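Annotated transmembrane segment per TrEMBL: 46-68, 80-103, 115-136, 142-158, 170-191, 197-218, 272-292, 336-355, 362-379, 385-407, 419-439, 451-470, in sequence order. Among the features that TrEMBL reports, domain 'Major facilitator superfamily (MFS) profile' is placed at 46-473. The annotation region 'Disordered' is assigned in TrEMBL to 479-508. The annotation compositional bias 'Polar residues' is assigned in TrEMBL to 497-508.
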Amino acid sequence: VRTELEPIELEDGAAVPKEFANPTDDTFMVEDAVEAIGFGKFQWKLSVITGLAWMADAMEMMILSILAPQLHCEWRLPSWQVALLTSVVFVGMMSSSTLWGNISDQYGRKTGLKISVLWTLYYGILSGFAPAYSWILVLRGLVGFGIGGVPQSVTLYAEFLPMKARAKCILLIEVFWAIGTVFEVLLAVLVMPTLGWRWLLILSALPLLLFAVLCFWLPESARYDVLSGNQEKAIATLKRIATENGAPMPLGKLIISRQEDRGKMRDLFTPHFRWTTLLLWFIWFSNAFSYYGLVLLTTEFFQAGDVCSISSRRKEVKAKCSLTCEYLTEEDYTDLLWTTLSEFPGVLVTLWIIDRIGRKKTMALSFFVFSFCSLLLFLCVGRNVLTVLLFIARAFISGGFQAAYVYTPEVYPTATRALGLGTCSGMARVGALITPFIAQVMLESSVYLTLVVYSGCCLLAAVASCFLPIETKGRGLQESSHREWGQEMVGRGSHSPGVTRSNSGSQE
């Protein structure tokens, strides 16, 4: 890789660094252009739009904890029907994540994202008019089906980010998730006492509506256009970004590496990616399993005062009618807010270490700290220490989740990037679907066994993170699955027939 910055003169007289202009070559790749253009006004706009998608996703998730007790009281639903209302959303997300990934790889990131957002918006508003339990069950399931496509916004976002900014930007999207949950709780405090849950469902779709409108401003990923053979469209997109950022484009002709068989499941299990895919599936499963499990356990622990009191408290409580209900109080909403705020330090810690120690070690550290805090809960600690341990555990598991969102788009090539992220997201929903049976059902019989399950699962996930074969820190995004990993990283010093290489990225 050339490091000298010897200037050359262009036709308009502007000097461009030799590293970017490639004066001795007549070709460049999208990776070269993205690195040359850098981070600027366009990426700031894209950050806000992607953040809106995450904000909408968080609100649709948070509304489950507010809607369930309200319908339990208003419609006199038994406990199993209330639980089913939550489960059906995760079933919808689990069943659609891979589908949205496949659509995004075959027909474009923007296409898949627009369809999923419009789908979620339509059924989200429609669920506010549900006349009966069966209707809202079906409609919320369809909302979950649409939400399964929202993670593809990260795929589109990552493909426009230069290498140095990629990890930080994707991690900072987590801030929008936290803002979304806080906004949903505040919206519930204002709307629920006066207008009711139907208006809450309708008003909660506002960020989705705004995102759906701004979606039409979004360009298609230039990496996807190159892979699908749309050279002119890719160049137009890159020129648009360069103009907005006030940066020069690389000289020469954009390389087309057309690949027809995009978004194929078999590509995730080629010898090069098989082990990575299996380990990532378990990591994503463990992330969601532990994250949502901790959210459920927090309520149980706070109500009991400490871990050691749960078993004795449950023995003293008499059996209650399943139709007995309690509306959410102001104190409940306050607890929800405090629980959410614990994610902010997790993002900051992950942001600080991910480019220092790498993606794999960041995920491993997050799982290990969560596991360690879970084991410390075996001690009969007071409420204050319990609160600190739960907050540290949630901070690190949420940070680990975001580290996985950074690593996954980086490790897969453009041809299967959306599908890879989609299947991982689907495995996460499986974990979210299973965790209530551990955090609520198993907790009834044994608190310590429950903690062992979560701690053991995260220890295994920490080991799995260490065994991932590829570290993506300091790497460019791979374009085609037909090339070996790292080919895009090799300098332009030597060319072989039929193979053109890029000078972007770092060397080891």
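Going from the start of the chain as shown, residues are counted 1 onward.
Note that Cβ sites are derived from N, Cα and C of the backbone, with glycine treated the same way.
TrEMBL annotations: computationally assigned, not manually curated.
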Ranked first among 80-103, 115-136, 197-218, 385-407, 419-439 for CB pairs under 8 angstroms with the transmembrane segment (46-68): 197-218
Confidence summary (mean pLDDT) of the domain 'Major facilitator superfamily (MFS) profile' (46-473): 79
Two-stretch contact, the transmembrane segment (272-292) and the transmembrane segment (419-439), at least three Cβ pairs under 8 Å: yes
